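Visitor: The structure that follows is given in the form of structure tokens.
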Amino acid sequence: MDLIRGVLLRLLLLASSLGPGAVSLRAAIRKPGKVGPPLDIKLGALNCTAFSIQWKMPRHPGSPILGYTVFYSEVGADKSLQEQLHSVPLSRDIPTTEEVIGDLKPGTEYRVSIAAYSQAGKGRLSSPRHVTTLSQDSCLPPAAPQQPHVIVVSDSEVALSWKPGASEGSAPIQYYSVEFIRPDFDKKWTSIHERIQMDSMVIKGLDPDTNYQFAVRAMNSHGPSPRSWPSDIIRTLCPEEAGSGRYGPRYITDMGAGEDDEGFEDDLDLDISFEEVKPLPATKGGNKKFLVESKKMSISNPKTISRLIPPTSASLPVTTVAPQPIPIQRKGKNGVAIMSRLFDMPCDETLCSADSFCVNDYTWGGSRCQCTLGKGGESCSEDIVIQYPQFFGHSYVTFEPLKNSYQAFQITLEFRAEAEDGLLLYCGENEHGRGDFMSLAIIRRSLQFRFNCGTGVAIIVSETKIKLGGWHTVMLYRDGLNGLLQLNNGTPVTGQSQGQYSKITFRTPLYLGGAPSAYWLVRATGTNRGFQGCVQSLAVNGRRIDMRPWPLGKALSGADVGECSSGICDEASCIHGGTCTAIKADSYICLCPLGFKGRHCEDAFTLTIPQFRESLRSYAATPWPLEPQHYLSFMEFEITFRPDSGDGVLLYSYDTGSKDFLSINLAGGHVEFRFDCGSGTGVLRSEDPLTLGNWHELRVSRTAKNGILQVDKQKIVEGMAEGGFTQIKCNTDIFIGGVPNYDDVKKNSGVLKPFSGSIQKIILNDRTIHVKHDFTSGVNVENAAHPCVRAPCAHGGSCRPRKEGYDCDCPLGFEGLHCQKECGNYCLNTIIEAIEIPQFIGRSYLTYDNPDILKRVSGSRSNVFMRFKTTAKDGLLLWRGDSPMRPNSDFISLGLRDGALVFSYNLGSGVASIMVNGSFNDGRWHRVKAVRDGQSGKITVDDYGARTGKSPGMMRQLNINGALYVGGMKEIALHTNRQYMRGLVGCISHFTLSTDYHISLVEDAVDGKNINTCGAK
């Protein structure tokens, strides 16, 4: 060893004597050392499956660093699990390196070290550090969105809307993605590879006359949701039915590079574009109005995607001009400005603010910035809730093209005009009036209905002129070459188009109030001006069109549209908690809470028999009596009602987080029972229509996914819901006669409009829903014209409606048709003598709560003796049980079933039922004795032999907390679990407990109802 050291020392001395050129020699003989560990190491959990690690380069590495290796392993894991490593190449330009380690287990602690490596090999490991990934609960993706709603716009376009799912997961939703499938051709879903920021869109470029289904996914920072429930299958129109007319403003687009193809399940060679819809903040509850913004995307080349360049907001001078000869700024009733925004430059040089778009104005020259549908104000920044659209001469609203109308159509329009000229309606083969079209215009205060089947125009002019500022109704009808115009139900005017062609091709949208190309339509329609005024209603081919913006209504787009009813409630004075709402363009009603009525809710009243009116938007609400789990698999409703209209909702409830619902509706005079367990809707419809103005009884029941409907004495209708789910959960109230918001109802519920008529009885699972006590909210519910409203029952008696008649339920001590007789005119202290033998009428009862009585009908032994007579086969003689009754609750009962006497009891481990067969409803007096000793029971009737029985299980005591009832009880079916449906019809003369405890039936009773005096002993 000393020899080696000496040699090395000599070599070093030699190298130093050789000068700088010997440095390489010194390096060659130096022994290389390990690279030190990286510095400033930082760890952090990113989500439930990844963490980040950051470090800096080691100081004074002995040799150049080539890269790094991250070593990580689970803390406390099985030693058989190998340590994992992750290599990171060196980035020379960045002193600090950061890396993400993924594909980890949620909520798991990891031990992490890092080492640099060089030509000399692996460097020294850093000290181990620990990091724990986030728990699974904090990294949840969103729930699947609700089933999308699809409207077919044309032969190549559809409009989609959807609502978010029950949960957005552990992070806000970032965007949505849309997928589609053609069921007749495709086996896989095709993804539209674009991030949709809104909850509505329009897809273009689809195949004509083809079936499609659509689904939606939501994405947050933790991943995508499951695919939504697919939409219903829709079919695009045939080219002959409708075209793909442009119905939205044009936008500047820029062809840019798209994102990569990840996420595509199938790529078809389709050229599909879509239009994303922008929400308007004024709409609450997730239902959003929109404007259409064009984008294009070629699915055959997903990397090439059209991107929208949003309009630039700028402070530009606005020219306000007068109608003659210059246009001016106009305002709606609420003062929201509908600006002309006219500029003396073409659209190529004009910048419009957000929520507006530019059109060239050929009438005045220059260009105009128009607000999109649902926006107004000087910069189009104010929200306008549109229900009754208001037009200003350059406005318009678009709807889908006329469908199934090429041979015949009928259109009804109610409007109020403020100018002598203007275009009301237009739909045609193209935007410029060449070829096929139909139009309705006001020309010098006359209405002109024009249509062209391709070979000549028909012009039909109203015989009378309209009155400016007044409301008018016009009906247009065409069948082939022949047309008809009727104004205000006056004498129809007819006309005929020229030539032989009798069909019209409609490709453009249906324009209301004007058109974007109105200037070029003058030769076809007779005017180049837009309509000025309000439209209150529009119906096409018998179907009323909801003029609100899609997806709430059917309006697809529009420009510079106001709201006619705006400000109408500013001067309204609804009191007692009432709220104002517009019901027409120029009128309002107060939505009065329960117990108040009148134009301004000024009249207080007591609700007895509810009357609902569609015109007043009536409804009432009551909570479910029990928790939702009590109704998951079975529910039954009995309703007695009198309809004044053949359409409307009787009852509705639903679940906000799923597809579950149930509804009872009138549709075309028939009763419909609809329900959905979450996998498909069942629809049961009565065979015969109802007679309006008459009282009817209906019963609906659902067991799992099977339903039953019976109306009056009609044939019972049975049906089944689709799919495999069998339970319904409803977390909303039960809505009766209407609902607060018809936009929130389930799509297949059939709930379209309020009920008009009266409802006098609602029973749910044998439990009566009382109007006075159970209705918790509602609006504009008044009293029906019924005798019970006048409170005809005296002395505290309650009126029980029986269709158009009634019965009085009299308190103990009173009798008569109206409870007007007091103990048969005896004094109060002689009630006992007057009603020594009480008579029961099937809805009577006597109640006892004296502890000396109750202890004899409980415990280990019971002995009951009773003398009775009856003419009814069924009826309850005696009952004591828990209140409320639960499964396997203790009870003891005595009664008649189909003429036989039945003694039943349950000690908590099963029911004993001991029967004596016979016909004891013969109107004669009978003696019955029922004895229980522990589990054993015996019943004896008259001189018949005794019948015995024994309850199952081990329980021997009768433990009851309820009162004792004789002859019947309140809500008998509910409280006896349907063992008995009515009380005794007859008399009871003797009642003895424990062989020697005689009870005075009336004197000892604490309460009773409908007790009369029995005629003979």
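Placed from the backbone N, Cα and C atoms, the Cβ positions cover glycine too.
Taken from Swiss-Prot, the feature signal peptide applies to 1-24. Taken from Swiss-Prot, the feature domain 'Fibronectin type-III 1' covers 37-136. The N-linked glycosylation site feature in Swiss-Prot is assigned to ASN47. According to Swiss-Prot, the feature domain 'Fibronectin type-III 2' maps to 144-239, an assignment based on sequence analysis. Marked as domain 'EGF-like 1' by Swiss-Prot: 343-381. If you look up Swiss-Prot, you'll see CYS347-CYS358, CYS352-CYS369, CYS371-CYS380, CYS534-CYS564, CYS569-CYS580, CYS574-CYS590, CYS592-CYS601, CYS788-CYS799, CYS793-CYS808, CYS810-CYS819, CYS987-CYS1014 marked as disulfide bond. The domain 'Laminin G-like 1' annotation in Swiss-Prot covers 386-564. The domain 'EGF-like 2' annotation in Swiss-Prot covers 565-602. Here Swiss-Prot flags 609-788 as domain 'Laminin G-like 2'. The domain 'EGF-like 3' annotation in Swiss-Prot covers 784-820 and rests on sequence analysis. Taken from Swiss-Prot, the feature domain 'Laminin G-like 3' covers 835-1014.
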Visitor: Which one of the disulfide-bonded residues (CYS534, CYS574) has its C-beta surrounded by the most other C-beta atoms within 10 angstroms?
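Guide: Of CYS534, CYS574, the one with the most crowded Cβ is CYS534.
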Visitor: Minimum Cβ neighbour count within 10 Å among the disulfide-bonded residues CYS358, CYS569, CYS788: which residue?
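Guide: Taking CYS358, CYS569, CYS788 as the disulfide-bonded residues, the minimal 10 Å Cβ count falls on CYS569.
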Visitor: If you count Cβ atoms within 10 Å of each one, which of the disulfide-bonded residues CYS371, CYS580, CYS808, CYS987, CYS1014 comes out on top?
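Guide: Checking each of CYS371, CYS580, CYS808, CYS987, CYS1014, the winner is CYS371.
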Visitor: Just checking the disulfide-bonded residues CYS574, CYS799, CYS810: which sit within 10 A of CYS601 (disulfide bond), CA to CA?
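Guide: Near CYS601 (disulfide bond) by Cα: CYS574.
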Visitor: Tell me, how many other CB atoms lie within 10 A of the CB of CYS793 (disulfide bond), whichever protein chain they belong to?
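Guide: Around CYS793 (disulfide bond), other Cβ atoms within 10 Å: 23.
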Visitor: Report the nearest neighbour of CYS580 (disulfide bond) in space among the disulfide-bonded residues CYS358, CYS369, CYS371, CYS808, comparing Cα positions.
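Guide: Nearest listed residue in space: CYS371.
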Visitor: Give the mean pLDDT for the domain 'Fibronectin type-III 1' (37-136) on the 0 to 100 scale.
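Guide: Per the prediction, mean pLDDT sits at 85 for the domain 'Fibronectin type-III 1' (37-136).
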Visitor: Please name which of the disulfide-bonded residues listed here, CYS347, CYS380, CYS793, CYS808, CYS1014, is nearest in space to CYS590 (disulfide bond), Cα against Cα.
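Guide: Its closest listed neighbour, by Cα, is CYS380.
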Visitor: Of CYS347, CYS352, CYS380, CYS590, the disulfide-bonded residues given in the record, which has the fewest other CB atoms within 10 A of its CB?
Guide: CYS347
Visitor: Return only the integer: C-alpha distance in Å from CYS592 (disulfide bond) to CYS810 (disulfide bond).
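Guide: For CYS592 (disulfide bond) versus CYS810 (disulfide bond), the Cα atoms are 33 Å apart.
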Visitor: Counting each residue once, how many in the domain 'EGF-like 3' (784-820) are helix, strand and coil under DSSP?
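Guide: So the domain 'EGF-like 3' (784-820) is made up of 4 helix, 13 strand, 20 coil.
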Visitor: Hey, of CYS352, CYS534, CYS788, CYS1014, which of those disulfide-bonded residues are within 10 Å of CYS808 (disulfide bond), Cα to Cα?
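Guide: The disulfide-bonded residues passing the 10 Å Cα test are CYS788.
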Visitor: Ranked by the number of other Cβ atoms within 10 Å of their own Cβ, which of the disulfide-bonded residues CYS369, CYS601 ranks first?
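Guide: It comes out as CYS369.
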Visitor: How big is the gap, in Å, between the Cα of CYS564 (disulfide bond) and that of CYS788 (disulfide bond), rounded to a whole number?
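Guide: Spelling it out, the Cα of CYS564 (disulfide bond) and the Cα of CYS788 (disulfide bond) are 43 Å apart.
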Visitor: Run through the domain 'Fibronectin type-III 1' (37-136) and tell me, per DSSP, how many residues are helix, strand and coil.
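Guide: Split by secondary structure, the domain 'Fibronectin type-III 1' (37-136) comes out as 1 helix, 51 strand, 48 coil.
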Visitor: Please report the number of other Cβ atoms within 10 Å of the Cβ of CYS810 (disulfide bond).
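Guide: So the number of other Cβ atoms within 10 Å of CYS810 (disulfide bond) is 26.
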Visitor: Quick check: in three-state DSSP terms, what is CYS352 (disulfide bond)?
Guide: coil
Visitor: Can you tell me the CA-to-CA distance separating CYS369 (disulfide bond) and CYS799 (disulfide bond), as a whole number of Å?
Guide: 66
Visitor: Neighbour count, 10 Å Cβ-Cβ cut-off, for CYS592 (disulfide bond): what number do you get?
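Guide: CYS592 (disulfide bond): 27 neighbouring Cβ atoms within 10 Å.
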